[in-house]
Amino acid sequence: MSGQKNVDPGQKKETLKHSLSVLNQNIISYKEFIKEKNEQLNELEIKSVKYNSDISEFSRLYNIENDKLNKVKNKIEVIQDQMTNKSSLAKGTKIIVENQHLFKGYEGLVSELIQIDKDYIRAIEVVLSSAAQHIVVDEPETATAAINFLKANNGGKATFIPLSSISPRFVAEQHIVVAQTQEGFLGVASELVTTKKRYEVLKRFLLGNVLVCDTIESAVRLHSLLEKKYTVVTLDGDIIRIGGVMTGGQASQTVSAFSLEDQIKELESFIQPLEKNISTLKEQISKLEFEKQTALSLISNYMAEKNSYEVKLAEDTEEFDKLSLLYSQISNEKITFESNVDFTKMINENLARKSDLSVQLRTQKEILRTTEEQYYQTIVKKNELDEELKQLLDENGKKIGDKARAETIIDSAKKDYLNNMDFYSKLLNNITNLTLILM
């Protein structure tokens, strides 16, 4: 022998057998790790779906509360405009109010001089009707000056009530006694409102002969009992005038001229609770978005780890096949790891099957690579849409549909990706099982 070193066949077999044993253990470990990652990915996928559902629900509630808040603020703006600019007044009335400093005897509008309890606002408003916008002055001379001012300035028309020219109206005492015996009678309208002593004559002039009842049935009964001599009005605003003419039904909701400040206070009381609800919902949405992003980040990391071990599994499986073939060439002995199988007998039967599976494996790897690229592109797009969503939530939660479409794309991509990964794992399991049998 010159320079050649003979390798003991027995030693070579033992070395191969040891290498095969190590590879076999690696393959088992890789499969267990991949299985564990699949379970973790499934759990995260379920959580991600739940996050999306919760975010959609909280976003819906956010939009509802935000819409309520906007409506309240809009109502306040309308009332404030009505108070500041007198936007509900007729042209002539508005001009006199804006130039009241020119008229020493100007007292104010009827709606400004009479205060009404909220329970009776609807009834009194119906009785007064347009008289609520009449201008109260001290005497006829002031009214005359104002009328001439309107004529000179093409300012339209206005109605004036000179305090010195009016007399109180009243219900006969015997009729009051009769009315008080009737169920549903609430009182004389002039007694259900308040005003300064100076304007007592005004409220009695406008409301002194008007009776108030709770329902239309009570009003009809009382009106007939008192021989149709008085106007009777109900809390809902149905009215029966002297002589018997009736007006009623469902009236449209309007802003009352008699309670503008009270209405503003009531509306303002809704703002803080609504803003608190909106803030809480916004925090919940942000928290869920953060948790969802954390879950997506874990999914990305777990997939990367899983892919790494799948590559190692494929490499060790390929190496195991090569060494198994070499071992079969130098030995006819049985090799045992997980099961007692005659390796030499099985190798020829499984080589063809292994070759087919290897082709499928390469194909699935290419599919997996393409799907993974699409998935990560979708993740990037979704992150962009999530950022857009956060900005839109600060602008009354608009364009939620873009986010929903993005998440639909992501869900579809995830499902396709996981399906391919599942097929790929099954394929690797088939190859691994064959190689284990061959051992």
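Even glycines carry a Cβ here, placed using N, Cα and C.
Matching 27-82, 195-250 against TrEMBL, the residues noted as coiled coil span 27-82. Check TrEMBL against the ranges 264-319, 376-431 and you find coiled coil recorded for 264-319. Within the model, the coiled coil (264-319) carries an average pLDDT of 92.
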